[in-house]
Amino acid sequence: MKNKLTRLKRHPKYNNWMHWGKLISITGGAQVLIQIIGFGCGIFIIRNFSIAEYAIYTLANTMLGAMNILADGGIVSGVIAEGGKVWQDKEKLGAVISTGMNLRKKFAIGSILIAGSVMIYLLMHNNASWYYSILILLSLIPVFYANLSDSLLEVAPKLHQDIKPLQKNLVMANIGRLLLTIPSVFFIAFTPIAIIATGIPRIIANFKLKKISNKFATLNQKEDAQIKKNILHMVRRILPVEVYNIFSTNITVWILSIIGATSSIAQVGALFRIGAVLSLFTIVFNTIIVPRYSRLNEVKKELQEKMIKIQLLLFSVSFVIVFFTWFFSAQIIWLLGNNYENLDSELVLTVIIFCLNIISTVIYTLCRGRGWVISPVLNISINLLSIVFGAFIFDITSLKGILIFNIVTSAVLVVMHGGYSYFRLYQLKNMENIYE
């Protein structure tokens, strides 16, 4: 046994395995804890809110996601792409992040005006009063403000793979959310209270995140004109797709909020709360895999091999997740409470949707990290055709019908982004790694 251990340690890839094992254990362990806390908060809210109130809560959170996407528009991807070129220079990396931060603040104004107006309309359309709708919008501002900076402040430590402080900060923010959510929602079961309980810990955590980022980047740099131009070039290609994705990725909620019943919105929200646990895998991939892939040299063979391995891993993990959900569907549904009984098959369909979205999102993010951005016209055209085609075939007014419809549109995204990744890899010229 001792000899086997000695031989293992002498293996040329031993240190690499140990490094990856440590990274995955730190990131995965922290994310499991974060997801458990988030899941606990979500289940507590579902069980304490009425169906009507949880429908409002679902709409508000959907619109918060839309606001975040509009405020980004591809800025973070541009910062990662530019930062990957200068990640070892604190001054230059700081200039990249500062430029991205200034752009995001400008985008945020338009985001609040556009998404906020749509949210108020949808809330009132689903029987919320105008003053309650405005109160919900105001309660979203702390969370939205935190989101403006945290994803950019994470760029420097992620590029340097300083993962442990990031995970610790996220864990503390989620513990703060748990400590605020349980007592506040227990006594006052209203949407604004639950949202504020999420926002306050996030703002506090961002002060710590700024200190972590300062170790690797000098953040008080002036905006760089050339970097701004490069980021905006990527934004012009990504923003149209992101705007479209606001519609396409949340199409279930949009359709049900306009032509469906309020109870269906609540059911989708509850099922998606279960599915959101799977974001653990997206976060792990984005924290560990994506920055490393963006740092790889422009060597065709190496990039192709890494891409194939990543995609095989994504499909394998997804298969295991779907099988596990099917086997324990009754037990998982029990967690949601009596208002959401008999949704076993809908749960499995929901998890399939989330798994497909994880696969397409990770592949898309890998490509963006290399500066490979699919044409917005092509992207939107393919997506739109799949949505129109699916809307004619499936009954999108029923819960099960719209979930199947989502599976079809999500599968199209996987094929499109997977195909584009190999197209860009095929275009690369064969060259030797000049650094070897």
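Residue 1 is the first one shown; counting continues down the chain.
Including glycine, each Cβ sits where the backbone N, Cα and C put it.
Here the structure is a predicted model, which means the values were calculated and not measured.
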Legend entry - Range among 72-93, 402-423 that TrEMBL annotates as transmembrane segment: 402-423
Legend entry - Proximity of the transmembrane segment (347-366) to the transmembrane segment (107-123), 3+ C-beta pairs under 8 angstroms: no
Legend entry - Among the ranges 107-123, 130-148, 271-291, 312-335, 373-396, the one whose Cβ pairs under 8 Å to the transmembrane segment (402-423) are most numerous: 373-396
Inset, instruction - Run the contact check on the transmembrane segment (373-396) against the transmembrane segment (243-265): 3 or more C-beta pairs under 8 Å, excluding pairs closer than 6 in sequence. - result: yes
